[in-house]
There are 4 protein chains.
Amino acid sequence: MAGNSFGQVFKITTFGESHGPAVGVIVDGVTPGVEIDEAYIQIQLDRRKPGQSTVTSPRKESDIVHILSGMYEGKTTGTPLCMMMHNHDMQSSAYNDIQHAFRPGHADFTYLQKYGIRDHRGSGRASGRETAGRVAAGAVARKLLEHRGVSLVAYTKAIGGIHCETFDEQEIERNAVRACDPNAAAAMVAKIEALAAVGNSCGGIVECRIRGVLPGIGEPVFDKLDAELARAMLSIGAVKGIEFGAGFAAAEMLGSEHNDQMQAAGFISNHAGGIIGGISTGEDIIFRVAVKPTSSISVPQQTINVSGEEQSIVTEGRHDPCICPRIVPIIEAMACLVLEDQFKRHAAMHH
Amino acid sequence: MAGNSFGQVFKITTFGESHGPAVGVIVDGVTPGVEIDEAYIQIQLDRRKPGQSTVTSPRKESDIVHILSGMYEGKTTGTPLCMMMHNHDMQSSAYNDIQHAFRPGHADFTYLQKYGIRDHRGSGRASGRETAGRVAAGAVARKLLEHRGVSLVAYTKAIGGIHCETFDEQEIERNAVRACDPNAAAAMVAKIEALAAVGNSCGGIVECRIRGVLPGIGEPVFDKLDAELARAMLSIGAVKGIEFGAGFAAAEMLGSEHNDQMQAAGFISNHAGGIIGGISTGEDIIFRVAVKPTSSISVPQQTINVSGEEQSIVTEGRHDPCICPRIVPIIEAMACLVLEDQFKRHAAMHH
Amino acid sequence: MAGNSFGQVFKITTFGESHGPAVGVIVDGVTPGVEIDEAYIQIQLDRRKPGQSTVTSPRKESDIVHILSGMYEGKTTGTPLCMMMHNHDMQSSAYNDIQHAFRPGHADFTYLQKYGIRDHRGSGRASGRETAGRVAAGAVARKLLEHRGVSLVAYTKAIGGIHCETFDEQEIERNAVRACDPNAAAAMVAKIEALAAVGNSCGGIVECRIRGVLPGIGEPVFDKLDAELARAMLSIGAVKGIEFGAGFAAAEMLGSEHNDQMQAAGFISNHAGGIIGGISTGEDIIFRVAVKPTSSISVPQQTINVSGEEQSIVTEGRHDPCICPRIVPIIEAMACLVLEDQFKRHAAMHH
Amino acid sequence: MAGNSFGQVFKITTFGESHGPAVGVIVDGVTPGVEIDEAYIQIQLDRRKPGQSTVTSPRKESDIVHILSGMYEGKTTGTPLCMMMHNHDMQSSAYNDIQHAFRPGHADFTYLQKYGIRDHRGSGRASGRETAGRVAAGAVARKLLEHRGVSLVAYTKAIGGIHCETFDEQEIERNAVRACDPNAAAAMVAKIEALAAVGNSCGGIVECRIRGVLPGIGEPVFDKLDAELARAMLSIGAVKGIEFGAGFAAAEMLGSEHNDQMQAAGFISNHAGGIIGGISTGEDIIFRVAVKPTSSISVPQQTINVSGEEQSIVTEGRHDPCICPRIVPIIEAMACLVLEDQFKRHAAMHH
């Protein structure tokens, strides 16, 4: 029960470390006979990869997907779909200075505690690189969801205290931070560049909106649609919180304010965020996640080394000063994985 | 893959509806030879049951636990531990007025969409009554965690916009809202009573603090300790969000502020909430959940009936005007279930 | 991962010991809206219970099923279906003589080794009584399979070296040993009665034939239909082997003999037993299991006690001299559970 | 819930088809810090590969294992261990003659029924090639079991009606059929060569003996050690039956004969095959599997094509006339996977 699999019926298992030969994923439970190709998957991987703009890490990861199984003549076969991305541009030497010291905010301390293994090169399994496999698998799920009429979009809602004031879906892929408001986006980019210049980082909030899910999807009681989405999002390293619909604001609302009343045409409001009792209502599913500031900064920090001795540390390297733009496709991928799995589980119960 | 089980190695499966003969739970994977008795479990069930104070539902649920299996001479046997609580005081007739109308904020609409079944009596499986089984199982996990040196406490942090200003653990069980600040507690009770008088309800925030978890517990990458806790908490009907450590505030922090630096004596701060990379750091694990206002209110609301016709609805009945005080033991129970499972999974990998 | 659950999508979890208050089962993943009642389930439980004839144990277990959840107005709701059977007629005192000695062929030695618990009353969780929960759950699966056009029948093929020479399905429920040949049945009954008179027991072979499974059911590669059936059958205490179609005889056949050739009307033979590559062929699914002689005999045997001291033992009590007649409904139940689960898994992949 | 994973705590997922780019496996739940290298794994892969002798297929599969993740400086890290073997020497053109006809005894008919996909090249996922991943994973489990003091050996017991009369463990790897009796081995080789000369094939029986498993391993009730071994063995394409200890012979024994009596030094006999109540007794675990004759023969057979038209078929190609010698390492691998998983599950319950 090591935790490298996700999903029950549509199930993925990822593998790979940041400085090993490759990362990848097996997707099991894929509907057979569905047309899909590497180019479709590559689109999502390209959205995740570093080096996209001035506000992302300049690392070069080509992240070319290789499909090793589960496809025949351009269609899925229903057998396990294995996708692999080779690792390149691994500058392990960049990590030599921090060979023995724990990087604040990083998982190297906890991994050593858990496994008794000290691999100072990059972040090993805790690296964001592991998410390449998720994004590739998520693209497969996205394709299956298209056939169900489901679409979804995630976008930066806030970065470093700057909040989007408008929502223009067309803007999202046009700016470097994947924000839904072009004015806020410009301010966010400026803020990130300023922080990067001094070796610091910042966090933000990403929102996701899912459309086209008919009412009735989600498995009570423990595998509620929101519970599964929450687990999926918190499984992303930088995510520290999630809220659905009104979310934490619901804590200050009255029942008469929060309840979504109904009329013949449907729900009048959507404070629930499209999920009640763990089951989709048919309204848009809406949630927001809190993204912490990137841990890797070159501001000097206090830490200890593996011998317990105190020292100062400066994490050099090519890191993202704000991970929000690159976390957007990961959030979409995880949401796709949850949804396709829940659709298939729903089908299993009724057939 | 209907979702009525929770946990991988220490696994529970709950059963029962609010208006059926009984609710209960099977706990599988219990360590054999552990002393436990019904009185120990009853303590937690009594904290969850209605009728404890003026701010909880006056319903009478004696919730007496019956252990049907898995015990011999006062000790666990390692075989499935089945616990059952009979249902009593079921006033189905109270629901006759709302027989055909959907209650805003309730799961009756989504359950009908999912299962094609309309059971207007109470909330069926979506009822808070289902959580009695969780609390009984959580008490078993709590006992096992005691042997590991782990303890935990949840408490109301805010209700209806009133926030605790101080933290006094001894206060929690002394006031009707299980708040950690006696002054805030008095204001909260007054607010709830006022809302109850006009048939309305309010939400709040509950915090949980877990002590004594050594570093190294949690299964990356998908079953991170925080991911599992998030799923567990969002599986509780009224919960709409969760955040760990600094949580959503992290979105506005710099990396240099959020990173928990280390010195020889340990971490200097705990913005991470005791979990980094999905693995415990050894610091206290801290999270907060957003609790929505109770859906059942007697303020008139607009809704439709099963035929799609618009009507007004007033939900009579004996409901909690604020669920925070009773959700506290449920949150503790779910946290215990996650932790005991993660400890056992950790053991499995290393043995 | 204690092993008290079976099935992936249509999943059961059993609980209960032979001398505790009750045994039972939770069935999760039941199709909602299916008409079923306790009487239908009771039919199968009555086929399993002791005291049916001169060749079964004279113990009285009324085995009345109580449905605690998952039903509303005579139909399944899609929520967990919990069924409980109270234990009665527990003569624990009958076991006092063997309080400290291990009964040869019994699981009391291995259970003590595994759990460190010595419960000398009956067989605890290893008792055949545990199978009551399986039979109740199997009846639910059988009802769902009826809607799929699947039927099945198991029957005694051989007992104590006496083999059925003919197959008359109508005969099976007419004779005390559930054999498919009335003449063989009479000889079997005589043999069992003679062995019972001297306190001994014998084994046999039970065959199962499943009709109406369309081609395409079964999940390669590890959850092949035959692999799941094998696991299911070997999970029954007294079963020591299983073979499909030609089975062990295939080891002495040539490829040209064993291959099932095809013509336009379908397969010409069925040496495969209705399963190739782990997937149903559309032919009848046929397998046989080896049933060991009942361990509880009153012939004196050599054993040791819990202190390791050698002694003689005579297992008094009211035991079945041959378990074949009562294992028939258990085999059918387990086969139903496997099939319904595989049908649902197949649906999940294609929807 | 497609069935490409095996194990609960020590879990593998295989991928790959016979004529795709590669086959492989992810092993999740590996104990960290264990020394293992590719050479150790290659030993087992070499025992499985074709072209070892005159009685195996002359196909050339180099089957060189590539470890893609989960290792660092010669030790396991506790993260997913991905192993890949490239496919070579794929003569798809050899299959052109049978492009549209179903090969008797093969899974091409059932796969088409299940997935709606017709891939005539080799056997796709049903190919024995898929087992390369299992053997690689099994080698990892074998290494972990060595540290537990567990060893195991499988060997051919009978082929084409020729039975081993003696047992000499040293002989097994010395003869081409991996039989435990050198005289029988010579006769088996002669028989296979004669059958191969006329394009026919034969089956056999393989026995497996596991030593060093302490009493107490195995998870009742559904995941009994024998139930899991049965599932594991029946998941191998050519296996049609399994029996433990006395097995089918138990059906003709009396209780007084079959029961394994005990004395101070331990069990006097081992008719149970080392497992009672699904839990290891401490005696050697012994089981036998029935292996069907290879389906691919060049004797003309009657079949239909995908349009349902009758035709004759001759399966050319480079096939094994008897799969017993090559199935031996696969059986050992699957047994290792079951055991390591059960050991870890046992640990989880007790820690």
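Note that Cβ sites are derived from N, Cα and C of the backbone, with glycine treated the same way.
Taken residue by residue with DSSP, A:R48 (NADP(+) binding site) is part of a helix. Spatially close to A:R48 (NADP(+) binding site) yet at least six residues away along the chain are A:D63, A:T131, A:A132, A:V135, A:R326, A:P329, A:I330, judged by Cβ distances under 8 angstroms. If you look up TrEMBL, you'll see A:R48 marked as NADP(+) binding site.
Among the features that TrEMBL reports, FMN binding site is placed at A:R125, A:A126, A:S127, A:G277, A:K292, A:P293, A:T294, A:S295, A:S296, A:R318. Close to A:T294 (FMN binding site) in the fold, though at least 6 residues off in sequence, lie A:S201, A:A238, A:H319, A:D320, A:P321, A:C322, A:I323, each with a CB less than 8 Å from its CB.
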Using Cβ atoms and a cut-off of under 8 Å, determine which of the binding-site residues A:R48, A:R125, A:S127, A:K292, A:T294, A:S296 neighbour chain D, and list them by sequence position, or give 'none'.
A:R125
C-beta crowding around A:S296 (FMN binding site), within 10 angstroms:
23
In the chain carrying A:K292 (FMN binding site), residues 6 or more apart in sequence that have Cβ under 8 angstroms from it
A:G105, A:G203, A:A238, A:V239, A:K240
Around the C-beta of A:S127 (FMN binding site), how many further C-beta atoms are within 10 angstroms, looking at every protein chain?
20
Please report the three-state DSSP label of A:S127 (FMN binding site).
coil
Using Cβ-Cβ distances, find the residues under 8 Å from A:R125 (FMN binding site) that belong to the same chain and are at least 6 apart in sequence, listing them in sequence order.
A:G16, A:E17, A:Y111
Near chain B, which of the binding-site residues A:R48, A:R125, A:K292, A:T294 can you find when the cut-off is a Cβ distance under 8 Å?
A:R125, A:K292, A:T294
Any idea of the Cα spread of the FMN site, A:R125, A:A126, A:S127, A:G277, A:K292, A:P293, A:T294, A:S295, A:S296, A:R318, as a max distance in Å?
44
